Amino acid sequence: MNPSDTHDHGAEASPLGQSVVYRDSYAPELLFPIARQIKRDELGLAPDTLPFVGEDLWNAYELSWLNSRGKPVAAIGTFRVPVTSPRLIESKSLKLYLNSFNQHRFVDPTLVHDTLTRDLSTAAGAPVAVSIEVLSRRPTRVFGYPHGVLLDEIDIEIDTYRTDPAFLQSDFNADEVSETLYSHLLKSNCLVTGQPDWGTIVLRYIGPPIDRAGLLRYIVSFRSHNEFHEQCVERIFCDVLRRCAPRHLAVWARYTRRGGLDINPFRSTGHFTQFDNIAEVRQ
């Protein structure tokens, strides 16, 4: 399947939940892009007036190919897909695509980088930034926690596990604050298979103070919600922006890996421009 032929497809046509044959030869046609606008329409977002900037940062831990003499090379890849791309890349298709490199010979890692950049950019419909770290060069990885207030120790009763933005409230009579709030209790489900997705969610904002207990209830309300990682983060961003009216807002999540990949969406009004690729302990 050619990525350019699938840009209007929804998730139901993806390889998720289907039996597949793993390819041992390079196969860019395995990439399955999904139109972002299908789910953005539900949020009332127009493609030319998005309320956020940002990216989807992917870490690929099972990247390997053969060198010119047939010897395997192992590496870690990082892919940054801009939110302005018309398409996201379905995760199982990306895993299958990366596996197709396993028996393919490349003269040097530069060719792998260029091939990944070309194929992923074609699938997403926008330039994708690619970096590759060969394991023989001993790349390092930093683990850490967000610098902010952890919500998970708030002692509250919760009985709602379907998304409910009504939990989100701010004190509009109080002075403006600048703070970072986070939780390890984000859990949603794959849009297609229903498999659980686990993540840490971080909100950084400047504006009226957000009610922390309500925010925690809202995060937990995603527990039975079915959407892709990127779509959940955009929904959270839009709900917080509309109901809490922060002057500046950034939302990002670090999801646990599946199939050798983790996905880390980042959305911001623009004041907060980036987040560090610091691994969450479950990654």
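Using N, Cα and C of the backbone, Cβ positions are placed for all residues, glycine too.
Sequence-distant neighbours of H229 (substrate binding site) (same chain, 6+ residues apart, CB-CB distance under 8 A): D56, S188, D197, G199, A253, Y255, I263, P265. Feature annotation from Swiss-Prot assigns substrate binding site to I89, E90, S91, H229, E230; the stated evidence is sequence analysis.
Annotation note: R258 (NADPH binding site) sits in a strand segment as assigned by DSSP. The NADPH binding site annotation in Swiss-Prot covers S91, K92, R258, G259 and is backed by sequence analysis.
Packing around C190 (active site, thioimide intermediate) is summarised by its Cβ count: 19 other Cβ atoms lie within 10 angstroms of its Cβ, all protein chains included. Summarising the annotation, Swiss-Prot assigns active site, thioimide intermediate to C190 and lists sequence analysis as the type of evidence.
What Swiss-Prot lists as active site, proton donor is D197. Mapped onto three states, the DSSP output places D197 (active site, proton donor) in strand.
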Q: With NADPH as the bound species and S91, K92, R258, G259 as its recorded binding residues, calculate the greatest Cα-Cα distance and give it in Å as a whole number.
A: 9
Q | R258 (NADPH binding site) as reference: those binding-site residues from I89, E90, S91 with C-alpha within 10 Å of it | A | S91
Q) By a simple count, how many Cβ atoms lie within 10 Å of the Cβ of G259 (NADPH binding site), its own Cβ left out? A) 15
